[in-house]
Amino acid sequence: MGCCGSTQNSKRDWRPLEEHSCTDIPWLLLFILFCVGMGFICGFSIATGAASRLVFGYDSYGNICGQKNTKIEGFINSGLDHSNNKYVFFLDPCKLDLVNRKIKSIALCVSECPREELQTLNDVKKFAETNGSALCDYSLTPSQYTTDSRAPSLCPKLPVPKSAPIPFFHRCAPVNISCYAKFAEALITFVSDNSVLHRLISGVMTSKEIIMGLCLLSLVLSMILMVIIRYISRVLVWIITILVVLGSLGGTGVLWWLYADNKKSLNENLPPDQLQVSKDNLQALLVYAIAATVFTVILLLMMLIMRKRVALTIALFNVAGKVFIHLPLLVFQPFWTFFALLLFWVYWVMVLLFLGTAGDPFTNEQGFVEFRINGPLQYMWWYHLVGLIWISEFILACQQMTIAGAVVTYYFTRNKNDLPFTPILASVNRLIRYHLGTVAKGAFIITLVKIPRMILMYIHSQLKGKENACARCMLKSCICCLWCLEKCLAYLNQNAYTATAINSTNFCTSAKDALVILVENALRVAAINTVGDFMLFLGKILIVSCTGLAGIMLLNYQRDYTVWVLPLIIVCLFAFLVAHCFLSIYEMVVDVLFLCFAIDTKYNDGSPGKEFYMDKVLMEFVEDSRRALKEPGSTAEGRELKPMASGTSTA
């Protein structure tokens, strides 16, 4: 690590790519200590036998299957030797407990799962005698299966479904999962038609090849769109702008026309009830028309103010396309991030399951053994939950810092032939050596906002239908405010990472510097975040629409099943996810380029010794703006371009 003994300069000057020093080392140490705590939770759950109980399974008497057990004092049938009984078998696998998320059935350790359906207790007896696998409670011998009066309650529910062991988890699971499907039907209120879910699942299974092909199509379309945006960004932005203006004007005009038409045709001779309804409708149309007019006027004023700044959005999108040409590995960044998140989530769920089987044995209300954590250690669940949010945000922040570092390297390298062989890997190297503490701090700030919001959402869901209107309104307002704060902090964090990548300053310094730059360029930020984000959103909709249309055409000719709604929904959701991943990277690149451009125009003016770093396309934008400054009536843009002189700021 390059972090040892590094110091932070008190005086801060923007010095792209010249110096790198370690940032926020205390936060890195805190994050490492937190991860050690996460490891302790995992080690504790394994040391207390939770891992073996989860993987190998245990019966209702606390015995772990597949091994010799020690006696648990005070519990009957504990301490049995199950070396030859490697599988957990549930007497009634369909008896599900939704609240506690488990099967409410007696569990036994057996040597073999029933490979065929067993219709009667005589079949169960014959299976035990033939295969040596006793499917009834340990207190019964196979000879008692058909004679003992306790057999109906201590033997599996008939008919015993055909089962197969779950790989790696040693549980006997019914091959036909109809009981789970029916339970899901009740859960999602499909009780009115018990065959709906079966037909939906059948549609997914029959169309799996088509689903995979359409998912691949969405991937290809996303990559094609990223190339297209570079070359037609100018046309696309103006088309979107014109459509928005025409749509708002047209909608406002239609509302006023409807109001005038309804007012003209209002019949005062109608019955009182109908007359009141007509007057209410007329009043509503008037309110809608006035609101639409105000919205349209504000929108047109914003378009008028920002019309020349739209050119900057177009130029940035053009340069972003060039960035992807020079840094092709950027395209694969979402995959690496998703892979890292997936690995962590799998680990987190596994430890969560370990914790679910950790602790000391106790007797539940049915008289069987369960394991619970008592004392202060029971709060490990909360620690584990905070770890889920913080580490997930840390991984996402690492992606943002990696992209920012690579794009900053591209922007501030005058000769693109001097770029590192792999700027992405160079950025990852800088991240690991210098800036992990900054990333950890930024992720923690998001976590601090996200956890209270999640708690309030949980309280709101638990009190649904019980709280009064005032409390409900306050809860929703708090949740909304925290959500807005989270989004604002996430945007500021992203720009802080860019400032750190440029200047190697700590998180707070970088966030303050980035905020100053953003405030000085507020109108430009508004133009990029409205026009640019809206264009990318339409790109996502375009990919989903094309994929969905292709899916409809393909599925319409598939006659092997009757319902293809669920396959189409799956395809469209995957298409939106893929498009979001790709175009979000595009959006990040544009945001990083904008901050670099704002810094470039603030501290350089093109004179000797203060040459611009920017791309030719952005240079043309600056030159066009300078020419506009010299024209009569260009005072607004003149104020915007004054910061190009050294020491001034951008409007």
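Glycine is treated like the rest: Cβ placed from N, Cα and C.
Annotated topological domain 'Cytoplasmic' per Swiss-Prot: 1-25 (among others), in sequence order.
Residues or ranges marked as transmembrane segment in Swiss-Prot (evidence: sequence analysis): 26-46 (among others).
Averaged over the topological domain 'Extracellular' (47-208), the predicted model reaches a pLDDT of 75. Taken from Swiss-Prot, the feature topological domain 'Extracellular' applies to 47-208 (among others).
According to Swiss-Prot, the feature N-linked glycosylation site maps to N131 (among others). Of all Cβ atoms in the protein chains displayed, 15 besides its own lie within 10 Å of the Cβ of N131 (N-linked glycosylation site). Under the three-state DSSP scheme, N131 (N-linked glycosylation site) falls in the helix class.
In three-state terms derived from DSSP, N176 (N-linked glycosylation site) belongs to neither a helical nor a strand segment and is classed as coil. Long-range Cβ contacts of N176 (N-linked glycosylation site) within its own chain (separation 6+, distance under 8 Å): P161, K162. Residues annotated as N-linked glycosylation site in Swiss-Prot: N176 (among others).
Among the features that Swiss-Prot reports, transmembrane segment is placed at 209-229 (among others), with the record citing sequence analysis.
Per Swiss-Prot, topological domain 'Cytoplasmic' is recorded for 230-234 (among others), and the stated evidence type is sequence analysis.
Residues or ranges marked as transmembrane segment in Swiss-Prot: 235-255 (among others). Beyond the ends of the transmembrane segment (235-255), by six or more residues, the same chain brings 229, 285, 288-289, 292-293, 295-296, 299-300, 303, 310, 313-314, 317, 531, 534-535, 538 to within a C-beta distance below 8 angstroms of the stretch.
For the topological domain 'Extracellular' (256-284), the list of distant contacts is 293: same-chain residues at least six beyond its ends, Cβ to Cβ under 8 Å. What Swiss-Prot lists as topological domain 'Extracellular' is 256-284 (among others), and the listing cites sequence analysis.
Within its own chain, the transmembrane segment (285-305) is flanked in space by residues 241, 244-245, 248-249, 251-252, 255-256, 258-259, 262, 523, 526, 530, 636, which lie at least six positions past its ends and keep a Cβ under 8 Å from the stretch. Among the features that Swiss-Prot reports, transmembrane segment is placed at 285-305 (among others).
The topological domain 'Cytoplasmic' annotation in Swiss-Prot covers 306-311 (among others), and the record cites sequence analysis as its basis.
Residues or ranges marked as transmembrane segment in Swiss-Prot: 312-332 (among others). Only residues 6 or more beyond the boundaries of the transmembrane segment (312-332), in the same chain, are considered here, and those with a CB under 8 A from a CB of the stretch are 223, 226-227, 229-231, 233-234, 237, 403, 406-407, 410, 416, 419, 422-425, 524, 527-528, 531-532, 535, 582, 585-586, 589-590, 593-594, 597, 615, 617-618, 620-621.
Per Swiss-Prot, the feature transmembrane segment maps to 335-355 (among others); the stated evidence is sequence analysis.
Proximity of distant same-chain residues to the topological domain 'Cytoplasmic' (356-376), defined by a Cβ-Cβ separation under 8 Å and at least 6 residues beyond the stretch ends, is recorded for 44-45, 48-50, 53-54, 58, 60-62, 72, 75, 78, 104, 106. According to Swiss-Prot, the feature topological domain 'Cytoplasmic' maps to 356-376 (among others), an assignment based on sequence analysis.
Residues or ranges marked as transmembrane segment by Swiss-Prot on the basis of sequence analysis: 377-397 (among others).
Annotation source Swiss-Prot lists topological domain 'Extracellular' at 398-438 (among others). Sorting the topological domain 'Extracellular' (398-438) by DSSP state (H, G, I as helix; E, B as strand; all else coil) yields 33 helix, 0 strand, 8 coil.
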Using a cut-off of under 8 Å between C-beta atoms, tell me which stretch among 26-46, 209-229, 377-397, 439-459 contacts the transmembrane segment (534-554) the most.
209-229
Contact call for the transmembrane segment (377-397) and the transmembrane segment (209-229): at least 3 Cβ pairs under 8 Å, seq gap 6+:
no
Per DSSP, how many helix, strand and coil residues does the topological domain 'Cytoplasmic' (356-376) have?
3 helix, 8 strand, 10 coil
List, by number or range, the same-chain residues at least 6 past the topological domain 'Extracellular' (398-438) whose CB is under 8 A from its CB atoms?
1-3, 6, 16-17, 20-29, 31, 323, 326-327, 329-330, 333-334, 336-337, 493-494, 496-498, 500-502, 504, 506-507, 510, 585, 588-589, 592-593, 596-597, 600, 611, 613-615
